[in-house]
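Inspection log for the structure reproduced underneath, given as structure tokens.
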């Protein structure tokens, strides 16, 4: 650790949500001019601790010492005033405002009368973004840009806000490798200029590459703190989950042999799907008992493709056939009736947080088990079976979904469709933001489904996810299929190369 | 499994707080009920004529029309939509049923007399049709319900105006007269109808698949869509249900008041919305129900009736009513926040 006094020191921090302790007596120190990596499984307390630092959570117990003086933030505004800024996991930009307005959100340059100085704002925003390697018209509408670029702009806003402590929560999940490179270069430059940076990520390679110090969280406690140069990925993973795992190795194998295609019936055939600005002439099919991986960087058209498959978007051109029958989905209800199930990339969009677990699971089968009147005991029974099978914890179907941890919520999102059971399961980013243990569980669930003869489509921007699940992979680039991998050796490098 | 263990630990730790958590999550239901008890106690002490059986009957009768309209509105608000056309649809339906009934010769309306059953069916068809137009605008065209029903409010008022042309009609079909203005065994029929409709609404919301879908669509519309529910069909249905409930309330209301005329139901829009929301049904959807609406109806009924029993400036009463409603709404929003914090 660089010599001298830490800029920020937290002692014995404890924080509970509705009786559930998220942090238990955590100490944390941040030195000036350091990049501090945080790792830990979902629900380990990383984000909670960072939200305390950023003033989001004001009620906690413990000592909060900034510049050697004990303080207490009452709001995000207080944290900003003290030079602390955070990029949250979820994108929080104003899509209808210009790029420049987003960069200067909340502190536009004004003249003495309080009028916004548009020209100055556009010029400065353009310069800042260029320093970060982004070349866009500062006056264009932000929402028109690809998602990855929007995320970079949001990061840029915080990086150049002049904050001396910057917290980044999973900043790289939507970025392409070259964008990650640029981000890391910028982070290192800011560090050398004296800024302190906290970097949270599930990509342990990223953490090891960019951090000076790494802290590991488990179950609301800090379990390790080491210099990045003195540790390794296996050591960190072991600290995170508390034990070594073999399945882990399997997940991260770098060279995988794809199996030869099976002679099973085609469940879904997509032919020449096109959608304005997103997809061009995409064709593929997927067979029973097969997992088709669709890989591409953020903004390659995956999200739109998945939504077309589930009837949420309608293609401008092209056709879908389910088990040989041409289908036009006018609504998601049509797609479900055809036997298609869909899990979007964000759990928030998929689940009912204020409803008990069993209602979340039974919703997909309600029309099968009840014509008019509900049968709550049957619903609970069905839910309980899924909870057992998927090892959802706590195993209480009456509990509100919001009380579950993120990984368990993701399992509920799957459970809801498993009781259905569909012919084709479309999974978007099934392991995004998940800890290693939960990822492993999801991989096993998908393999079980494949063994039962389901067709599965996995869409992901994470090569590991596709590699660990798929029997066959197609790569999307700017809305078009550029490569198909089948019955051959495949690796992360070859995937990235194709995309 | 690590995640499993930690979650179980978390559940164990939560146990001592469970009662508090339940209380907090039930705040939405408890607060309106406490409001009701406070108001009732206050008026009972303040006025000797308030807490009598007779007056209780008055209150029931006074909240009946609002109650009938509020049944449908509860469905709409549970879906996180709003229907501003209910009062106007009630009005036009009441006028329509009178329009199709033979009026006395001194009533100067070009009405089209028909048998009672036909008049009732036509009036019901009219309100259902207006509800369908609301549903079409909301789901197919995609106009926000706030705007769509604002337009419908004007359209329904326009039809009313055209039908009565500033006149007043008095006659409605015998069945409507019976249900609206007579009693059986000392209990007004209109109270029975309101009670049955509230009960029916409660049963549909609690025990049917459609009811579950209403809560799911209101709780998280995106998730409902990604679960393969036909969200548009559900939203459309609640708009029609709302219009039909308003129509029934309007027909019985006309019989109850003894006349059908323009702008007769204007106050019922705010009263119905207030009853639903004061009762604790969330304007953001997914939380609440008919039980809440019933409590809300009584809060409003006791307040309106009680203020007539105490000796205060009648012009001040309007202000007092507004302030008490505001207080109830503040409690509603606060309860919502408490719950969200628990769910976090």
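Cβ coordinates are placed from backbone N, Cα and C, and glycine is handled just like the others.
If you look up TrEMBL, you'll see B:33-53 (among others) marked as transmembrane segment.
Outside the transmembrane segment (B:59-77), and at least 6 residues removed from its termini, the chain residues within Cβ reach (under 8 Å) are 83, 86-87, 90, 145, 188, 190-191, 193-195, 197-198, 200-201, 205, 214, 238-239, 241-246, 248-250, 252-253, 256, 268, 271-273, 275-277, 281-283, 285, 288-290, 292-294, 296-298, 300-302, 304-305. Summarising the annotation, TrEMBL assigns transmembrane segment to B:59-77 (among others).
Counting only same-chain residues 6+ beyond the ends of the transmembrane segment (B:84-102), those with a CB under 8 A from a CB of the stretch are 65, 69, 72-73, 109, 111-114, 116, 118-120, 122-124, 126-127, 130-131, 134, 146, 149-150, 152-157, 159-160, 163-164, 169-173, 176, 242-243, 245-251, 253-254, 260-269, 272. Annotated transmembrane segment per TrEMBL: B:84-102 (among others), in sequence order.
According to TrEMBL, the feature transmembrane segment maps to B:114-133 (among others). Residues 85, 89, 92-94, 96-97, 100-101, 152, 155-156, 172-176, 236, 239-244, 246-248, 250-251 of the same chain sit 6 or more residues outside the transmembrane segment (B:114-133) yet have a Cβ under 8 Å from a Cβ within it.
The transmembrane segment annotation in TrEMBL covers B:145-166 (among others).
According to TrEMBL, the feature transmembrane segment maps to B:186-208 (among others).
The transmembrane segment feature in TrEMBL is assigned to B:229-253 (among others). Among residues of the same chain six or more beyond the transmembrane segment (B:229-253), those with a C-beta under 8 A of the stretch's C-beta atoms are 64-66, 68-73, 75-76, 78-79, 81, 83, 85-87, 89-94, 97, 120, 123-124, 126-128, 130-132, 134-136, 138-140, 145, 172, 176, 179-180, 190, 193, 197, 201, 210, 213-214, 216-217, 221, 264-265, 268.
The transmembrane segment annotation in TrEMBL covers B:315-335 (among others).
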